[in-house]
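Engineer: Supplied in structure tokens, the structure appears directly below.
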Amino acid sequence: MMQTLLRGLCVVVLFWGYIKASADFDCRRTSQTCVTGTCDDVSGSCVCPTDAGGSPSHTNKDCGLELAKVASPATLCDPPCLNGGQCFEPTADTYMCMCSEAFYGSQCENPRKQVECSGDQITINYMPIPTFSGDIFILDNRNTPECAFTEANGMYTATFTYQQCGVITTNDQPNVGDTSYQTSAAVRFNANIERGTDMKLTAECVIDGSGQSNLNNNIGTVSVDQRSNLTEETALTQYQPVSFQLQGKNGNPMPVPVNLGDELRIYIPLADTGKYTKLKITDLTTNNGMAAPDMVTETLIFNGCLTDIGEALVTGDISSDPAIPAIIINFMAFRLRGSPQVKFEAKVKVCEAADTSCEPGSCPTPAPPAPVQPTPSENPGRKRRAASDNEVILHETLTVLDPRSNEKLRLPHNKSDKKSQQNADPQQCLQSTEIMVMVIVLIVAVVLLLVITTCLAVKFMKQRAAQVKIYNSDMPTGNNTVRIPHSAF
């Protein structure tokens with residue numbers, strides 16, 4: 001009976017951080033696109049097309065519902081559509097519900113996010129919008145088997161006890177006698193890439209003093225690890241007519257720290273304008289800075305054109321500044337699976353005035369082959385590909401933090417890159433909170449020891465100074481000599 005009373009539903013609280021559009025739909029994600037119209041790269045919302053008169057011709061979050069097919073009256077759908085769903089007529093005399101992005105089902109009766117609470121465990125259910133091909137996991141427990149999500153018919157489910165998977169237990173919250181249990185899951189819409197458009201689902205179960213599960217929709221705070229951004233290197237071929245710069249939006253200084261979703265840009269200016277007058281980026285790849293088999297690589301630009309992944313990550317098209325000249329690639333900060341580091345490799349071609357090979361080509365080109373994972377003997381962070389006389393290979397590294405997670409910033413351990421570890425900035429080694437606390441404790445201990453030692457020394461000196469020499473009153477003084485007679489034998 002008590003188990004039955006304890007069962008209830010808890011509200012999933014969403015932290016969408018940089019997500020300006022709906023948390024469930026964002027056309028900037030690789031698995032969510034606009035059916036018609038265009039995607040606004042800033043808001044993540046679809047801009048639906050209009051008819052000849054300037055009126056919208058489509059509606060719904062993905063602009064997938066033609067207004068001409070919306071049923072009128074809405075009661076033609078029987079049973080009626082729920083939760084803001086719209087009744088429409090896909091074919092003659094056939095009526096269906098088009099759901100909003102947060103619900104699904106024939107009547108839009110099911111929320112995509114749902115949490116079940118019982119007396120000893122929590123179950124998180126999430127039904128992504130179809131074509132989802134990403135990854136869902138409990139924060140800080142991505143590789144913990146008992147915390148893993150399983151998928152069945154599009155539904156992702158994870159069940160674990162309140163003592164597992166980092167569940168935070170708070171007593172006497174929200175009221176005296178209550179117990180609150182809270183945990184968070186990350187929804188990555190691309191299994192290899194972490195972006196500001198990803199979601200953080202926070203579920204909270206509240207068991208009150210009477211043993212009933214209560215709904216809770218309070219949104220907590222998100223702590224940000226305020227560590228400095230670590231831009232490491234610019235590695236060029238022998239001749240350096242161009243450079244690779246990571247900048248903030250509109251060429252502003254990089255934000256500190258760099259968080260997922262921050263607006264950044266790659267700026268590649270032509271430094272040698274005496275010999276060359278034009279440049280073109282032919283390839284741009286990125287990896288997570290780790291050694292095989294943990295290395296993840298993605299190609300953003302191939303043969304001068306954006307790939308599908310590049311289209312999702314790059315804001316707008318590849319642009320240029322002919323006055324410099326320079327290549328400009330705007331993007332929102334992201335990172336790849338397994339590491340906060342994002343290492344870029346750009347292949348840039350430079351041309352003289354009469355050379356036409358730097359002129360923009362027609363896109364798209366065929367998709368690039370799948371990236372080849374390096375063998376352990378290779379050094380992916382330092383490898384240089386062959387380049388022709390008028391090609392330059394540039395490298396740059398960025399560290400991106402996730403403000404929605406309490407993770408600690410750890411650089412990936414790459415055994416083959418010992419030199420970079422030896423040359424690490426000593427100041428970065430002190431940026432760990434635990435190390436700083438230990439240093440402070442040691443300093444305080446040393447100061448206390450010095451104070452105690454000083455006090456003991458002063459006390460000892462005073463005691464010696466206060467000693468008084470006691471003389472016998474019968475003992476002669478001055479220069480008199482005391483003679484002791486010898487015994488007669």
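Backbone N, Cα and C atoms are what each Cβ position is placed from, and that goes for glycine too.
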Engineer: Per Swiss-Prot, which of Cys87, Cys99 is disulfide-bonded to Cys108?
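Structural biologist: Of the candidates Cys87, Cys99, the one Swiss-Prot pairs with Cys108 is Cys99.
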Engineer: From the list Cys63, Cys77, which cysteine is recorded by Swiss-Prot as disulfide-linked to Cys87?
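Structural biologist: Disulfide mapping in Swiss-Prot sends Cys87 to Cys77.
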Engineer: Which residue counts does DSSP give the domain 'EGF-like' (73-109) for helix, strand and coil?
Structural biologist: 3 helix, 13 strand, 21 coil
Engineer: Please work out the number of neighbouring Cβ atoms within 10 Å of the Cβ of Cys99 (disulfide bond), leaving out its own Cβ.
Structural biologist: 24
Engineer: Mind telling me which of the disulfide-bonded residues Cys87, Cys97 has the densest Cβ neighbourhood, counting other Cβ atoms within 10 Å?
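Structural biologist: Answer by Cβ density within 10 Å: Cys97.
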